[in-house]
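What follows is a single structure, written as structure tokens, with notes after it.
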Amino acid sequence: MDTLSKCGTMENIEKALSKLPDNLDNAFEGAMKQILRKRDFDKELASHVITWVVHAEVDLTIAQIQDSFAFYKSKGDSWQGNRPSKGLLTRVCAGLVVEDSDKGTLRLVHESVKRRLKDGILYKNADLEIAKTCLSCLRADTSDNNSETPLLKYASSHWARHWHDSQDNDPEVHIQIKKFFFSKKKLMRAFRTIPDAPGRTVEGMTGLHAAVFYNLGAHAKTLIKAGADVDAQCSDGQTALHWAAALGRCRLVKYLVRKEANPNVQDASRDTPIHKCLSRPTLNNLEIVKSLVQAKAQLDITGAKGHTPLSLVIRYGPTAVAKLLIESQPDVNAEVTTGWTSLRELFCHGHEMETEFQKSGRNTRSPSVRGWSPLKLAIDSHVQVLMKLLFDRGVDLNRPTIEDNWLPLIHAINTNRPNTVQRLLERKSNPANVNLQDPNTELSPLCLALRYERVAIAKQLIAYGSDLSGENGDRQTPLIEAVKNNDRDSVSLLIRKKALPNIIDKNKWSALHYAVNKKYTDITWLLVTKGANVNFPGSGVPALLDVALSVDDLPVAWLLRHHGVDVHATDGLGMTALHRACVEGNLSHVRFLLDMGSKTDLKDATKSTPLHHSVLRGLDNVVDLLASRVSQAGGLDHQDDKNNTALILATMLKKHKMVESLLHYGASCDVKGQDGLTALHRAANLGFSDGLKIMVTKAGNIDLADSEGYTALHHAVNSEDSNMDIVDILCDGGADLEKQQKGGLSPRELALSLNKEDIAHRLDVHITRKQRRAGNGGTYEWRG
């Protein structure tokens with residue numbers, strides 16, 4: 001096309017076409033002949049350019065090839081003056097090499113050119129010549145303006161590859177390498193340009209580090225024989241062994257540890273060589289780790305990310321290396337770091353790869369070969385293989401860790417892994433103890449499973465002989481846990497397996513208490529019909545009937561009653577359920593308990609009946625209901641520890657409706673309470689006219705005296721709260737106007753002694769009336 005573009009007319013183009021080679025072979029053949037006919041310099045430059053383009057590890061820029069020729073020609077002398085011009089590079093190659101304008105690099109005009117290059121075009125030992133040129137570049141001094149040659153980056157990264165590929169033992173190259181390795185200045189200058197040099201810095205690196213990086217075992221040996229410090233560290237703390245492990249240099253790792261390189265040196269980030277090896281998975285990992293372990297590499301050193309080598313391989317694999325480290329442990333039960341054994345690492349982090357994969361956002365649902373399922377199988381296999389190894393090595397499944405009491409079975413339950421639970425329980429020798437409590441919660445494995453609703457695991461534990469009635473630290477049984485979770489199926493299973501339903505926990509509650517309290521009717525019915533106790537006399541256990549009433553579950557209360565619950569059971573205060581219902585003022589509960597046969601005359605520790613408490617609460621409807629249910633005579637006149645009847649209390653509270661109700665159902669006005677005071681006395685003393693009016697009609701003896709000889713009328717006169725109406729009610733009711741108290745005073749005389757002339761005058765009126773009634777045929781005689 002270049003030839004045709006120079007033709008000015010169609011006739012000239014046709015002539016040129018007739019002279020073109022028939023195929024590419026002929027075209028390339030012509031180009032190579034053209035190169036070989038050039039003058040020596042052009043031919044040498046063309047050979048150099050084509051050789052570097054063909055054999056370079058990466059595409060090279062024009063400037064890099066310019067400088068490569070300059071170094072090649074200089075042979076170690078000043079090289080800048082040997083740099084060819086840019087345009088000359090492609091021109092001398094007769095069209096076989098062209099510039100890639102997008103990348104700014106040189107390339108062959110076509111890939112097939114490589115197969116057709118003749119002898120004389122390429123260097124005979126191209127890789128050797130390139131390696132020599134690179135070494136010349138690496139050993140050259142920096143230019144006066146401190147600018148670096150563009151070739152330096154390529155030379156630093158790839159010279160050793162060309163040296164290996166040449167398979168030549170040129171002594172000149174060995175000398176150059178040795179000089180390069182012994183110059184720290186030249187080494188650091190070169191390694192600063194290498195993008196994948198291990199670590200973040202190469203300051204302070206040695207020739208031994210370089211020999212490891214370039215994988216030159218013979219030179220590493222030479223350096224060590226010459227006295228190189230095998231444990232010399234870069235400024236970031238990394239030794240040559242760190243580099244060898246990180247780069248997967250297996251033979252060099254073996255050699256360095258044979259030369260007593262310390263495998264436990266930590267770099268500035270706290271990583272040891274084995275950490276570096278495991279952080280960069282390579283095909284040689286297993287052999288490298290094996291060599292380091294044999295050299296006494298410690299597996300309990302925490303690295304940069306807070307992980308020990310053992311933790312790293314358990315979390316992220318590979319499985320073969322994890323097996324190796326576990327097998328190298330003298331005691332698999334030892335804690336590698338505080339609280340962390342190999343088994344705990346496996347249980348807590350064996351699925352770390354699974355977690356990381358899920359975090360990556362990749363498809364974890366795809367069943368395809370490239371999807372999640374194969375990877376998950378691999379992770380599961382990793383865990384299972386290591387678990388079997390630990391089992392085979394005799395790991396103790398029942399030994400808690402020292403600091404935080406970690407146990408494998410408890411962990412498997414908490415993380416809901418039924419398969420792991422199965423493996424732990426079915427181990428033939430020394431399986432996990434199915435009844436060993438969690439030291440931290442003091443719960444048994446079965447209770448934990450039920451608490452966290454791990455039903456499948458609970459069934460496994462039961463199948464392997466879990467103690468169904470065993471008490472935990474809080475005395476909660478598996479049955480109680482199942483009830484608290486409203487797990488009817490588990491409750492039914494436990495009952496069928498003969499779990500004891502009547503064990504009391506630290507709260508003094510049974511399984512039935514929890515079922516009743518949560519209104520789990522089905523479970524309550526199941527427990528009751530299967531023989532759970534409904535009464536716990538003398539044990540300080542709350543009455544089940546009270547629990548049912550506390551949640552207002554009357555159907556369950558009825559169920560309990562019909563299965564024998566004691567409605568008259570008392571608490572620490574001597575109260576029955578009826579007492580408490582009255583204290584609470586719950587009419588429906590009072591009615592229910594009365595219907596269930598509760599007695600109304602039972603007294604609590606204060607000798608109060610339910611009726612007393614109802615009066616004190618001021619509950620008219622409850623008082624009326626209770627009063628209506630009292631069957632025996634005198635049932636309304638029970639006295640409390642202060643000798644007060646319900647009527648006396650109602651009077652003291654001035655509760656008219658209560659008084660009326662109590663009197664209606666037969667309460668007595670004549671029962672003496674504290675200091676001999678009756679309800680009538682109290683009403684008169686308090687000026688409670690509404691109550692007094694009713695009592696006067698019901699009183700058996702209106703002139704009954706208290707312990708000081710005072711009648712109701714005396715109290716009416718004596719009280720500051722009394723009034724004329726009270727005096728009138730009593731006098732009209734037939735009170736004796738002349739009866740004297742112990743001091744010998746009648747009501748009128750008492751009024752005069754108290755300077756209550758108005759009351760004395762009123763009494764005179766009533767006396768006069770009585771006298772008149774007596775004069776009209778009566779026998780009344782005034783003695784005042």
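Glycine is no exception: its Cβ is also placed from the backbone N, Cα and C atoms.
Caution: TrEMBL annotation is automatic and unverified by curators.
For the repeat 'ANK' (203-235), the residues of the chain that approach it from at least six positions outside its boundaries are 159-160, 163-164, 177-178, 180-182, 184, 187-188, 191, 197, 241, 243-244, 247, 249, 251-252, 255-256, 259-262, 265, 267-268, judged by C-beta separation under 8 angstroms. TrEMBL lists 203-235 (among others) with the feature repeat 'ANK'.
With a threshold of 8 Å between CB atoms, the same-chain residues lying at least 6 positions outside the repeat 'ANK' (236-268) that come near it are 198-201, 203, 206, 208-209, 211-213, 215, 217, 220-221, 224, 230, 274, 276-277, 279-280, 282-285, 287-288, 291-292, 294-298, 301, 303. Taken from TrEMBL, the feature repeat 'ANK' covers 236-268 (among others).
Within its own chain, the repeat 'ANK' (305-337) is flanked in space by residues 272, 274-275, 278-279, 281, 285-286, 289-290, 293, 297, 299, 343, 345-346, 349-350, 352-353, 356, 381-382, 385-386, 389-390, 393-396, 399, 401-402, which lie at least six positions past its ends and keep a Cβ under 8 Å from the stretch. Summarising the annotation, TrEMBL assigns repeat 'ANK' to 305-337 (among others).
For the repeat 'ANK' (507-539), the DSSP counts in helix, strand and coil order read 16 helix, 0 strand, 17 coil. Residues or ranges marked as repeat 'ANK' in TrEMBL: 507-539 (among others).
Sequence-distant contacts of the repeat 'ANK' (573-605) (same chain, six or more residues past either end, CB-CB distance under 8 Å): 543, 545-546, 549, 552, 554, 557-558, 561, 567, 611, 613-614, 617, 619, 621-622, 625-626, 629-630, 632, 635, 638, 640. Positions annotated as repeat 'ANK' by TrEMBL: 573-605 (among others).
Positions annotated as repeat 'ANK' by TrEMBL: 675-707 (among others). In the predicted model, the repeat 'ANK' (675-707) shows an average pLDDT of 95.
Within the chain carrying the repeat 'ANK' (708-742), a Cβ under 8 angstroms from the stretch's Cβ atoms is held by residues 675-676, 678, 680-681, 683-687, 689, 692-693, 696-697, 699, 702, 748-751, 754, 756, 758-759, 762-763, 766-767, 770, 782-784, all 6 or more beyond its ends. Summarising the annotation, TrEMBL assigns repeat 'ANK' to 708-742 (among others).
Look at the repeat 'ANK' (203-235): DSSP puts its residues at 16 helix, 0 strand, 17 coil. For the repeat 'ANK' (675-707), the DSSP counts in helix, strand and coil order read 20 helix, 0 strand, 13 coil. Taking DSSP states H, G and I as helix and E and B as strand, the repeat 'ANK' (708-742) has 16 helix, 0 strand, 19 coil.
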